[in-house]
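> The structure under discussion is supplied below as structure tokens; questions concerning it will follow.
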Ligand code: HEC
């Protein structure tokens, strides 16, 4: 199977390897030394973990500027293989439409994007037709109004940034298409922000038109609290508490920012399964290929004449 050349090379490698092992074992550490090294490594890891935990969960000196760190909420899409709760996306879009769309745009989402995600095509068509869009110019050169169609964007509340600022006392309601990705803390931050309105602490004066929210960097936000118990009525009978409404709208906003999440995780799972199977096959194939060499014993037998030669007398 092997010609002489490669066989000799293999033998050299094999000898080299066994010599390597021998020299390693000669310099092996004392068991006490090994145990001490283990203990110090474990201590370092534990200390790192404790520091990380404290970093994540304690109050900072500059919390005022950074905002309170949001808690870790159990959104299913945050886990390794977890996907979106699509019923929640559907309820969340209803919340967006009925509450947030009065001030916030959603420029990167078109009506058609909702089809087969949270609504049927027919349902989306009916929702789109409730809005009027300016189109044209037509064959007479005039712009005209027509009902919305599937490829149209979700309508924006203001014509441009100036109009938006003018209507909100100078503050700009940001576009919400990518907001869960655009803010440190993602979905947890948005949830904590929307549910986190409270009275300012003693001694803190709020300027006219600003609201106290400890999760907002600086603590004073131009958006007033707008999610309360019962502010929307869900068609599927889900209790319309403020926390449920907020959870749904945050899930919807997360979908808007990462519509590929479900598919990405499905492909990731497939890739993991495929590559781990291939790795096992590769390991097996390697064993199979090398077994003739790994189980070989090479012995050298001298010529017959050597056996008959008398032992030479010892030299002094
Ligand atoms: C009455 C108008 C209005 C409504 C309704 C409204 N917002 Fe806002 N929103 C604002 C304004 C104004 C800002 C800018 C605040 C600032 O910069 O101080 C803002 C900011 C935000 C921010 C960004 C905060 C940050 O970290 O910069 C998020 C997220 C947000 N709104 C989500 C929502 C959601 C979700 C809804 C619906 C449940 C909603 N808003 C409803 C006016 C509104």
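Positions of Cβ are set from backbone N, Cα and C atoms, glycine also.
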> May I ask you to find which of 206, 223 TrEMBL records for the heme c site already listed with 100, 103, 104?
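So, going by the record in TrEMBL, that would be 223.
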> Can you name every residue in this chain, apart from 100, 103, 104, 223, with its Cβ inside 8 Å of the center of the Cβ atoms of the recorded heme c site?
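For the heme c site, the extra neighbours are 99, 101, 102, 173, 176, 226.
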> If you count other C-beta atoms within 10 angstroms, which of the binding-site residues 100, 103, 223 is the most crowded?
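Checking each of 100, 103, 223, the winner is 100.
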> Per DSSP, what is the residue count of the domain 'Cytochrome c' (87-194) in each of helix, strand and coil?
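For that range the per-state counts are 48 helix, 12 strand, 48 coil.
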> If you draw a 10 Å sphere on the Cβ of residue 104 (heme c binding site), how many other Cβ atoms land inside?
20
